[in-house]
Every structure is written in C-alpha cells, then in structure tokens.
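What TrEMBL records for A:E58 is active site, proton donor. Residues annotated as Zn(2+) binding site in TrEMBL: A:H56, A:C86, A:C89. Annotation comment: TrEMBL describes A:5-115 as domain 'CMP/dCMP-type deaminase'.
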2 protein chains.
Amino acid sequence: MENIFTDAFFMKKALQEAEFAFEKGEIPVGAVIVIDNKVIARTHNLTELLHDVTAHAEMQAITSAANFIGGKYLKDCTLYVTLEPCQMCAGALYWSQISKIVFGASDENRGFQKMGTQLHPKTQVISGVLEKECGDLMKAFFKNKR
Amino acid sequence: MENIFTDAFFMKKALQEAEFAFEKGEIPVGAVIVIDNKVIARTHNLTELLHDVTAHAEMQAITSAANFIGGKYLKDCTLYVTLEPCQMCAGALYWSQISKIVFGASDENRGFQKMGTQLHPKTQVISGVLEKECGDLMKAFFKNKR
C-alpha cells in the first residue's frame, strides 16, 4: 500500500489553516506540526486579530505542540508551513531543535534564508511543497488589499 | 531638577524581573517596556515553567505592551532587557518597529548582533546599561546549575 502521509498530505492541512486566516482578513499563512504522522498542532496567523506581531502561525504552532508534548523541545517533530518562516519564527525553531521544517512558498524579502537566520544544526529543511497553491493564496490576499 | 528617568532607572526594573526568574529556576532575564516614562509591560523568562521556547522575557513584553496599547506596533516604546536579545526576540522586535532597545549584558554566543539578525531601520540600540549587574546574575545562575 502506498504511503499516504507525504509532505504534500500535511501541507494541504497547513494550507487549510492558511485559508482560515484568509477568511479572517489575516495574511494567509497556516502551519501544522506532526509527530509520527499525527497532527499535534494546527494554527494560522492571527497578528491582526490579536494586535500582536508574535502571533505568526509558526509561533503558535510551537507553543501548541510543546504544550501537547509537555516539554519544550520538538526533536521528533516536523513543521509544515505555507510560507517560508521569518527571522523570529526561524529563531524560535532554532531553540525548539525541531527535526524538520517543510515550507511551501518562499519569502524572497523577509524569509529566514535571505535574512541569514541560523537554524539548529540538526534541523532539515525542505522547500517548495505545494509552492504554487501556497503562493497563489498570498497573491490573492494582497490583490484584494489593493 | 535632575531627570530620574534614566536608562539605568528602567534597567533596574528589568533586573528586578530577572531576579524573579532566578528565584523560579529560570534563566534570569527580565524585561520592561516603557512609553513616556511609564512602564507598560514587565516580564521575565518563563521557558521552563511553560515548557515553551517562545516564552522569553522580550516576547512576553511585546505581547503585553501591544495589548496595553491596543495595536501591534510599538513605535514610541523602549524595551529594557537585561540580556542581549536572541534571533527570535530581535526578529519579533523587527516586526514591532520598536523605537529603542536598551540591553544590559551582551550574549556573545547567541545574541542577535553576532547572529546578524536584522532590526527595523528606525530602531535605536543601546548596550551595556548595568552590564555588570545583569551579567553577574546570569553567572550566579549558571554557577548554581553546575
């Protein structure tokens, strides 16, 4: 039997979260954290609703997953996020020692790769999973705003 | 009359917060955020208690100050923090567009300056305020741990 638990499978769940953000008028970024093919956190950007720059999807997902695990390290976890993490989120992921980060669309301006933010040496990064779908949602959001 | 509201005045309040963290067995970092010489947020590191790598003093202070202000930007605010912010906290401060960051002790290993984290171009940084007191508290903490 084919393994259904691909990176695209979980990125679709992150994309669903991004769509919730979109509906609320938030920049549409969604995230899930997975351990042993089980989703233990699902979040979306809430910076406008909460008036809080720290309320990025990834930050909430880290807090939520750590709460589920009962410890602050996310060593056996994978984060799926629709947009490349920023400096803040990558800095939080550094502290979490997360095993794997999978992101959809790149953020050429404020993504951690361009900004040179350091991840934990054990963290694996995969990019471009459902890149078009994740990027198209962002474009639709900013087109609406203009 | 002499102005009592110096950087050292507010750093002492951040140091008090760091002492609360110390008493709880947390890495002793404290922060306050000030607007018009008024303290609108006072926080200390709670990463152990909350099992949450995002619970640095600065992150909580940003959330708390934004909540007080009712908006996510901290444009007229100053953050006083006993230790140089890390990548995550500097990344959050970038988004907040905070006016001024004053820190006590430097973090040669994981501070944002060594890591190259980018702040908002309008953010002013002052370092070394009560540096010895802030650093001594950190040293006392790690000496206890050994």
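Along the chain as shown, residues are numbered 1 onward.
Placement of Cβ uses the backbone N, Cα and C atoms for every residue, glycine included.
Around the Cβ of A:C86 (Zn(2+) binding site), the same chain contributes A:H56, A:D107, A:R110, A:G111, A:F112, A:M115, each under 8 angstroms and 6 or more positions distant in sequence. Taking CA atoms as the reference points, the residue listed as 'active site, proton donor' and A:C89 (Zn(2+) binding site) are 6 Å apart. A sphere of 10 angstroms centred on the C-beta of A:H56 (Zn(2+) binding site) encloses 28 other C-beta atoms.
Under 8 Å, Cβ to Cβ, and six or more positions away along its own chain, A:C89 (Zn(2+) binding site) finds A:H56, A:E58, A:M59, A:V81, A:F112. Each residue in the domain 'CMP/dCMP-type deaminase' (A:5-115) gets a DSSP state, and the totals come to 48 helix, 25 strand, 38 coil. The 10 Å shell around the Cβ of A:E58 (active site, proton donor) contains 29 further Cβ atoms across the protein chains shown.
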